[in-house]
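Copied over from TrEMBL:
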- H665, H669, C767, H771: Zn(2+) binding site (BINDING)
- 91-810: domain 'Alanyl-transfer RNA synthetases family profile' (DOMAIN)
Amino acid sequence: MVTNFSSMSSTVALSEACKFCLTASKATPCLAKGLSFMGLGLNHAMFHLSSKKTSLRPSRRPVMWIRNFSAAVETAKEEQTETRVPIDSSVTGDAIRRRFLEFYASRAHKILPGSSLVPDDPTVLLTIAGMLQFKPIFLGQAPRQVPRATTSQKCIRTNDIENVGRTARHHTFFEMLGNFSFGDYFKKDAIKWAWELATEEFKLPIDRLWVSIFQDDDEAFTLWRDEAGVQENRILRMGEEDNFWSSGSTGPCGPCSELYYDFYPERGTENVDLGDDSRFIEFYNLVFMQYNRKEDGALEPLRNKNIDTGLGLERLAQILQKVPNNYETDLIYPIMEYAANLAGLTYRDASENSKTYLKVIGDHSRAVVYLISDGVTPSNIGRGYIVRRLIRRVVRMGRLLGIKGDGQGDIDGAFLPAIAKVVIDMSSNVDPDVQTNSSRIFTELHKEEIRFVQTLERGEKLLEQLLQDALAQAIQPNSSQAVLSGKDVFMLYDTFGFPIEITEEVAAERGVSIDRKGFEAEMEVQRQQSQAAHNTVKLYADGALGDISSKVPLTEFLGYSTLQSSSNIVALLLKGLPVTHAPEGSEVEIILDQTPFYAESGGQIGDNGILSISGTGTINITDVQKIAGGLFLHKGIVQEGTIEIGGSVDAVVNSRLRQRAQAHHTATHLLQSALKKIIGDEVSQAGSLVAFDRLRFDFNLSRPVTEDEISKIEDSINEWIGMGVSLQTRVMTLTDAKRSGAIAMFGEKYGEEVRVVEVPGISLELCGGTHVSNTSEIQGFRIISEQGIASGVRRIEAVAGPAFVEYAIARDRVVRQLSSLLKVKAEDLPARISVLLDDIRSVRGEASSLQAKVAMMKAEVLGNSPLFVGSFRLVVGVLDSAVDVDSLRTAAEHVSKMLGDMGAVVLGNSMGEGKVSIVASFGPKVVEQGLNAGKFVGMIARICGGGGGGRPNFAQAGGKMPEKLPEALQKAKDELQLTLSKKS
């Protein structure tokens, strides 16, 4: 092994290592010797002596770890000495964030709040960039609220998850600081201010800064040189792949420019490669959105040019705090330090592998805390799968570090909530809502960790089974060495959380190798799927709607005060394409200049109704969707006549259906208040549907709602309905609304001004939906179902208003029918039904007992005619489909007793289409011959497309291919004969 230092004329090899560098097992490259060759003037012995271990106790002051020499060598940086130094309060993560925002605020930028990690954008799964909330503005689909803005945006990216902890700066969770111009300032000011921020505000040394530009962007080159004063040889031109930003084949795009920090200026300015991650870190990216790429690939200048920038907070913190990687900044280090303490370690003294595990814990813990706070709960699909996968990686790393239970003595406990508390304590300047949601975060993490630990234990059993199968296969004729397939290794990794290194180590102990190439192929498939799953922002509008959105003014909504209006058709689409007219029978999409129709949003579905064209036709509207930030797309069928663009229509909403939606929407607000009143303030909305026939409300709760609680919720809501409380609506700033205590609806995006709907003394929420004017209009409320839909998420479906009346009438009919059939009064129905259920259970018990007796009789017939193999006695046979699984087990045990210690029994049956059961029972002498009922029956069941297992003397398996049962039982008979004949 040879360590290369790029600026050295010679190489430091193991044979040249000094005596300080020799360990008990082998020599390692001498870092101090290498540095002395680099001319850094370090005394060789002092370098080693200064490496003495120091204690690592938690401190109340922010601290950082700073190297004892100016430039770390990337390939050996973790071997360098560390000294504990308090962080300058001006360069803490919180201070950097505040200084960035204040810097741009002083230049007339409006400081806007960051958005949720759950974006209001179907093209991305999670918020992956600071500009995402401004996408409609960049597309021209929504008017700008301010000419320039600055934000701090929390982001999640998981396409490079395997690099987390292994490189200096890969993360799943990170903060992006940004400044944005919406048709206001452009390239000159963006470059000028970026340079001022770096060199004056944060005082980065000019001789450590480099700039990249797009190869053809002469304007940017001139501005960096003349306005910012950057030396020409520090401005590098790069190709389209690196420095031309676009998000799709069409739409807004433009050149970009990046600021890099140089950790090794002593390496000179010749043949510089900004892609060398060991020397440079890109920390600020400026996108000059100045073109629109057309379908033919041609670039046309945008009418309004925009600026979109992103500065990585963790990266700038690494630079300013003078630490070797992002993880050792005060943004992440306290989390790693706490995790290390739980494992009985110190970060400084940990091995390289342990440091990697701690880095993964530090990064992923931030991600899961903020995701759960924003309403994402662990599940097996979509965003929930991302949370579950990240949590499982943290738990796995904790176990690899040796954290047992909660790390504080409770072996059956969970350590994630304790780690999460550190993250939450650091969150106040990132997202204040995290503190509010802490109880829910702790509950979700505890539950998910305990569940995953159980999964790991199941995985260990599965690994053992797979190893046995591989060894059994290897002894078959024409078989080669025992190998675990890449698919199985990946399944253990992805489903059960087993690192490939652990699987490989355990397999090697059993003499089994693993198919690494197959594993990597499976990993590559997953990476491609992950990278394809919404990890880029598509900044273009699809098809005709994108073109229309840039030409048509936003629709004016009149539906709060009226259900009809005269409107003009400003856009008409047929099969998604713009047309000038549409004939009778056409399915059309229509945009009006103003409308009383409510467009689906906030969980409430769109209105239905009629568009009438005087003397020429009518259109039956069946749905209304809001697109492009404020265009109302009316979908319907031309019932008669012909409609034309530019024509005038009378728009009339179906008042009966609107009334039903209004009753359900206001009832949804009352339901949320009742849940908080009865269950507790920890209940938070996780989704909703306001339809004409029902309402649906999803909320975070880790347990079912009890019948008593449901009754109390219904009673509270019906009491509020009976009180006849008048609703109040008003428009105010978002800040004032939050200050007043208004609850934000899940998944909604709010502008500077918001609409607040209040049921005085009961409910106060931000809401753009339509509502009743008085709670008495709701008439009544009834919950029709309550169920879990995901881990930690419950769903209530209910009816109110006219739907409540219809539901009550329908239920009454059912009760009357049952009373008539059972010849009892309505109030006596529960008792009568209870008696009937007892009778049914009794009859079923008798039937089961009869089945068992039939099975025993048939089994005795088989047991009286065993197959003799030497002194061993075998019974392999089929019991018919009238025998259930319990009876099959009982029959096998009975025959086994008949045959004694030398008996082996395998019975099977098929209980209907697609279901097979197989049971094996081996006597003690059979087990002594090396036969294991659990492994044996599992092998046999695979022929029927199933599997199973159990004890060495008794086991059960299932399958789903009844037609293969004869083949499976013949295989069982042959294997038993073959094995036992050798022992006779």
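All positions are counted from 1 along the displayed chain.
Cβ atoms are placed via backbone N, Cα and C, with glycine included.
All annotation found in TrEMBL is predicted automatically rather than curated by experts.
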- [ ] Other than H665, H669, C767, H771, which residues of the same chain sit close to Zn(2+)? List them in sequence order, counting a residue when its Cβ is within 8 Å of the Cβ centroid of the site.
- [x] Q662, T666, T668, V690, V757, E765, G769, T770
TODO: Have a look around H771 (Zn(2+) binding site) and count the other CB atoms within 10 A of its CB, chains all included.
DONE: 24
Open item on the list: I'm checking region-level scores; what's the whole-number mean pLDDT for the domain 'Alanyl-transfer RNA synthetases family profile' (91-810)?
Closed with: 89
Task: Number of other Cβ atoms within 10 Å of the Cβ of C767 (Zn(2+) binding site) across all protein chains - done: 27
